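Features reported for this protein in Swiss-Prot:
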COILED    183-234  coiled coil
COILED    282-313  coiled coil
COMPBIAS  12-23  compositional bias 'Pro residues'
REGION    1-29  region 'Disordered'
REGION    140-182  region 'Disordered'
REGION    412-451  region 'Disordered'
REGION    488-590  region 'Disordered'
REGION    676-842  region 'Interaction with NCOA1'
REPEAT    621-658  repeat 'ANK 0'
REPEAT    673-703  repeat 'ANK 1'
REPEAT    707-740  repeat 'ANK 2'
REPEAT    745-774  repeat 'ANK 3'
REPEAT    778-808  repeat 'ANK 4'
REPEAT    812-842  repeat 'ANK 5'
Amino acid sequence: MAQVLHVSAPFPGTPGPASPPAFPSKEPDVPYSVETPYGYRLDLDFLKYVDDIEKGHTLRRVAVQRRPRLGSLPRGPGSWWTSTESLCSNASGDSRHSAYSYCGRGFYPQYGALETRGGFNPRVERTLLDARRRLEDQAAAPAGLGSLTPSAAGSTSSLVGVGLPPPTPRGSGLSTPVPPSAGHLAHVREQMAGALRKLRQLEEQVKLIPVLQVKLSVLQEEKRQLTVQLKSQKFLGHPAGARGRGELCLDLPEAPEDPVTLETRSVGTWVRERDLGMPDGEAALAAKVAVLETQLKKALQELQAAQARQADLPPQAWPPPDSPVRVDTVRVVQGPREVEVAASTAAGAPAQRAQSLEPYGAGLRALATSNGAESPPVFRSHEVMETVFPAPTASTSNVHQVKKISITERSCDGAAGHPQAPAESSLSPPESEGATQAQPEKNTGQVPAHDDTTIKEPIRQAACHESEFEEAGGAGGAQAGLRSIMKQKEEPTDPEAHRRSLQFVGVNGSISPRYESSSEDSSTAENFSDNESTENEAPEPEERVPSVAEAPQLRPKETAKAKTSREESQLPQESLHTPTAEGASGSSAKDEIRMELSPDLISACLALEKYLENPKALTERELKVAYTTVLQEWLRLACRSDAHPELVRRHLVTFRAMSARLLDYVVNIADSNGNTALHYSVSHANFPVVQQLLDSGVCQVDKQNRAGYSPIMLTALATLKTQDDIQTILQLFRLGDVNAKASQAGQTALMLAVSHGRVDVVKALLACEADVNVQDDDGSTALMCACEHGHKEITALLLAVPSCDISITDRDGSTALMVALDAGHSEIASMLYSRMNIKCSFAPMSDDESPASSSAEE
C-alpha cells in the first residue's frame, strides 16, 4: 500500500503520541503501486493485501470519528483521506486515536516539486465508508461484538508510524478472525473501480468549466449589444411591435408573391322589409297624411268662423297714407294635404293686421298709418282676391296651423322719384277707383282680374327692419312655443329690378331639422327673430300659431324682449332701401356670410334642451353624443382666432330661440382644459366676438379654467387695437370681479397686466377700481411687479392711485423700493423714494385727522 502516516489527535487528559521521526535523507523504496488521478498512490500488491484480509488483520472495530477541523490538521502540501482504514492495513483501533492517512504525493521528497490538487471528493469518501461498514457488519455478525481484532502476524510493512501502541495479540480473546468471502472482495473491487470512473468523469467535467465560462461571457456581451440596439430603436421612434422581452426580430426579405386574381360576382338577395324589422313606411306615411288632413279640416273650419265674424263687423274706410307703406299679398291656396300662406309686413307706425283669411284665393291688404283720407288703389288677377280689411276690434281665439309662409317684396317707387323696374313700367292700366272703393262695402273682395302682382301706382318701399307680422308672430311664438327661421333666396342679377324674397319655413317638431340663412345685399341679420324655428318641421299638438286677435294681448308681455332681440339683429336702414346702380355694384362685391346649422347640431341641441328640462330624459350615451357634438361645433365656430362675430351672433339668436337654458349652457360650455368661448376669444384678442358673448347676458365672466385663470385675467395677454376693444374690456371688467385671484399663484388681473406691460389694460382695470394692494402667494403686489420688470409708466399709474401702499413687504421682507434697487431700476427707485418722502411729510397731519377721517368713513 501507499506510505501511510498515522497521526493521533491529542485529546484532553490523554498523553499525546510521540512525534514521528524525520524522514531519512535516503529516499525510501517505493513499493509496487499506482498513482490515482488526484495524487494518491494505491498499493497494488494484491497478494499481500488479500493475505492480510484472509488473516483478518485489516478487519477491526474502528470508531467513526468526526472530520477534524481545518485548524487541527497539519499544514503542508497533500490531500487528506479521512477514510483509508479499508485501504491501509493494521490500523489500531484500541487506542481510539483518529488515524488519518496522509497519502499526498507532495508529502514525499521526490514528488514535492510537482503540482498537487487540494481537497477531497465526498462521493468517493462515502463510497469507501459504505464498503467498510458492510465488511464490518458481515464480519461482526457471527462473532459478536469485540471479536474482530487484528492479527499480530498481519502485514505491517505498510505502517510507518513510530511510537504507536503495539497491536493486540491474537490470544487476548478480544476478537476472533473471520475470513471474508470472495464475493466481498469482488464487491470491494467493483466499488473501487466505480469510484475511479466517477473521478475521471468529474475531472472531465471540471475541464469543461472554463469553456462554458467563455461561452457565457460571449452570450452576455451579445445580450448587452442587443439591449443597446433595442434602446436606440426606441429612442429613434421605431415601433417595437408586440414582441416579448429578449425576443429578436429578424427582417428577412421575402420573395414577392404573385398577384392572385379573385373572381367576384354580385349576388342579389330578395328580402322583404318586414323580415328586416324595419318600420312600415306606407303605414307611417298614411298616419302622417291622416294627421295633416285633420289639421287642414280644423284650420278651414276656423277660417270659415273667422270669415263669419268678419262679415258681422261694420265696414270702415281706410284713410289715404301720408307716409310710405308696404303692399303685401296674402294668398291662401287650398290643397288636399297642405296649406300655403303668404304674408309680409308693414312699415312706419304700428299698423293693423288683417283678421281673416278667405278659404279660396287670397287677399291684398295695404297697411298704413292712421293719418290720411284715401286708401291706395289695389288690383288683383284671376288668381288673387283682394280685400281691404278694417282694424280689428275684438279678440278671438282662432288658431291657425301654418306649415309654410312665404314673403315676396318688390322695391318700387314712383312717387319718390326712384327709377322703376322695367317689368313694372309695362303694367296694364288699373281698374277704376270706384270699383276699388266699393270693396269695403261689399266686404267680399271681388274686383276685376288682372295679371298677378300688378300695381297701378308703385309706392316706395319703407325703411323698416321688422314687420308687423314678425312682431305679432314673435310675441305669440314666445308664448306658444313657435319657432321659425328665414331663408333668403338669391337675388336677380339685374340691379334695376331689385327684388327681395324672404321665406319663413316651418313650425316646430322635426327630428333632424336644418337651419339655413344667407346674408346678401338687402337682408342680413334682421332676418332673425326670437321666433326662429327649423325647416321641414311637423307641427306639434301643443304648439300653435296665435291668431290675429291674440297678438295685441301678447304684445305687452313679450314686446320688450322681442324688440331687444330685433334691435340686435338689425343692420343700418340704408340696406333696405332700393339700391342704385352704383350701390348694387358695390354691394355685390361684399363677402357673403352664410350660416348653416347641420342636422346633427340641431338634434344635439334639442337633446340637450330635453336634458336641461328633465335630466332623466336622456341616457348617458345619448347625453355624451349630444354634448360632444355641441361642444365641437361651438368651439369650431366661436373659439378660433378668425371667428366671425356675425356668425356667432346668429347662432346665439338661434340658441335663444330654442331655449334660454340651452343658450346659457352652450355659451358657458368648456373643453377638457376648462376654457370657454370667452377664454379663447379674449386670448385671441377677438373682441367683436367677446362683445357678442357679453351681449348674450348669460356669459360667466369669472369662470376659471383648470390653470386657474378667468377671462378677465387673460386680458393681460391681449392687445387692444381700437377704442371699441377698450369699451369691450371695460364692459367685461364691470361684469366680473377684477380682484379675483388665480388658483395657482394667487395673482390678479392687475398683476398679470403689469407683468406683461399692458398699459391700456392697466388703465382699464384701475378705472374699474382694481385693488393695487392685493398680494399674491409670495406677498408681491402689482407695484412690486412693475418695479421688478422696470415698467416706469405703469409704476407712475399705480403710484397715482391714492390707496397705493408702498410700504407693503413680501415674504422675504422686501418692499417695492428694495425690489427696484435690486433690479437696478434707479428711476423707478427715485419715484418711490419721492413718494415715501411726501408720505412722511404728511404723516403728522394724517395722524391728527385720522379720527375724523375714520368717523367720516363710518
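Backbone N, Cα and C atoms are what each Cβ position is placed from, and that goes for glycine too.
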Composition by DSSP (helix, strand, coil) of residues within the repeat 'ANK 4' (778-808): 16 helix, 0 strand, 15 coil
Spatial neighbours of the repeat 'ANK 3' (745-774) far in sequence, C-beta under 8 Å, 6+ residues away: 710, 712-713, 715-720, 726, 729-730, 733-734, 738-739, 780-783, 785-786, 789, 791, 793-794, 797-798, 801, 803-805, 808
Long-range Cβ neighbours of the repeat 'ANK 2' (707-740) (under 8 Å; 6 or more residues past either end): 673-674, 676, 678-679, 682-685, 687-688, 690-691, 694, 699, 701, 747-750, 752-753, 755-756, 758, 760-761, 764-765, 767-771, 774
For the repeat 'ANK 2' (707-740), residues assigned helix / strand / coil by DSSP: 20 helix, 0 strand, 14 coil
Local confidence of the prediction over the repeat 'ANK 4' (778-808), expressed as mean pLDDT: 89
Counts of helix, strand and coil residues, the repeat 'ANK 5' (812-842), according to DSSP: 24 helix, 0 strand, 7 coil
Per-state residue totals over the repeat 'ANK 3' (745-774) - DSSP helix, strand, coil: 16 helix, 0 strand, 14 coil
Secondary structure content, the repeat 'ANK 1' (673-703) (per DSSP, counts of residues): 16 helix, 0 strand, 15 coil
Residues in the repeat 'ANK 0' (621-658) grouped by DSSP into helix, strand and remaining coil: 32 helix, 0 strand, 6 coil
